[in-house]
Amino acid sequence: MVGKSVITLDDLSIRQIQEMLHKAQYIDSHRKEVAHTCEGRVLATLFYEPSTRTRLSFETAMLRLGGKVIGFAGAQLASVTKGETIADTLKTVSNYVDVVAIRHPKEGAALVASRAASVPVINAGDGGHMHPTQTLADLATLQSRFGRVTNLTVGLCGDLTFGRTVHSLIETLCRFGNVNFVLISPDELKTPQYVLDRINATESCSYTEVKDLVSVIGDLDVLYMTRVQKERFFNEDDYLRLRDTYILDEAKMAYAKKDMAVLHPLPRVNEIAVEVDDDPRAAYFEQVKNGMLMRMALESSVVGDELPGYEPLAAKEVEA
């Protein structure tokens, strides 16, 4: 993985994803031992779009590994306001750093960045396309809760059209196989056809599209809630009409399995009531921690720094 850019999780083999999960577990239990792993390294966080968790998570990951961070948060703080292209920015920044994390509102921007850069580029979210490191956090949370990421019924609820975390998760779970997806959304926010095609192309996976959450919540092992994203709408009236379509509260949780896990990529608005936070099935703040650990694993891997005392997985590589 040394020197490798990660634009989608298709850039990693199943074996490499499993290795990241294994590394993250090791890091969590060996915080002091890994604290100098990336000494002398510098991460650039180039965020052309607002972010709290993802940017701070990337930065904290490098700092906890002993490295340093430079970057900007908001396109208004970058030379893009002067007309500089992404390619030129990346060619410049590559001279300063060892790895780049980039978020951009345009789909495909991370790929453009990776082709221009001379150091590894990690996609921190490009428009409504992909969000691979959030998916790594999601996988780590499933692994922690269930001991597996397969043989699950996974409900995805809310904005399935623009939700890049949803698209990334579905496509990656299809690679592992044996997942039944329940896609819960209004007609205006249905899952894109290219994502459905990915499910259809996977013999061991299936999907159902429904509009009513309560009618299916009792069948789910995982409920992945998403917010309706105001910034993706051209018409505010459409946003206002759809934003309160799904609100998960204690009443709905009463219909769910006792061991169901509720995930959410955050930030939330009102789609999960605060009263659900104290339910042991709420796993969304656990996802935040797992996101940092997975980014620590990924950053150290792409720059080629070995974790002290870490022993790689011994299993044979799974083709994907």
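Cβ coordinates come from backbone N, Cα and C, glycine included.
Secondary structure at Leu266 (carbamoyl phosphate binding site), as computed by DSSP, is coil. Swiss-Prot lists Arg53, Thr54, Arg103, His131, Gln134, Leu266, Pro267 with the feature carbamoyl phosphate binding site.
Annotation comment: Swiss-Prot describes Lys82, Arg164, Arg227 as L-aspartate binding site, evidence class sequence analysis. All protein chains included, Arg164 (L-aspartate binding site) registers 24 other Cβ atoms within 10 Å of its own Cβ.
The Cβ neighbour count for Arg103 (carbamoyl phosphate binding site), using a 10 Å radius and every protein chain shown, is 24. Its Cβ placed at the centre, His131 (carbamoyl phosphate binding site) has 27 other Cβ atoms within 10 Å. Of all the binding-site residues in the list Arg103, His131, Gln134, Leu266, Pro267, the shortest Cα-Cα distance to Arg164 (L-aspartate binding site) is found for His131. Long-range Cβ contacts of Gln134 (carbamoyl phosphate binding site) within its own chain (separation 6+, distance under 8 Å): Thr54, Gly125, Arg164, Thr165, Ser168, Leu169, Pro265, Gly291.
Neighbour density around each Cβ, counted as other Cβ atoms within 10 Å, peaks among the binding-site residues Arg53, Arg227 at Arg227. The DSSP secondary structure for Arg53 (carbamoyl phosphate binding site) is helix.
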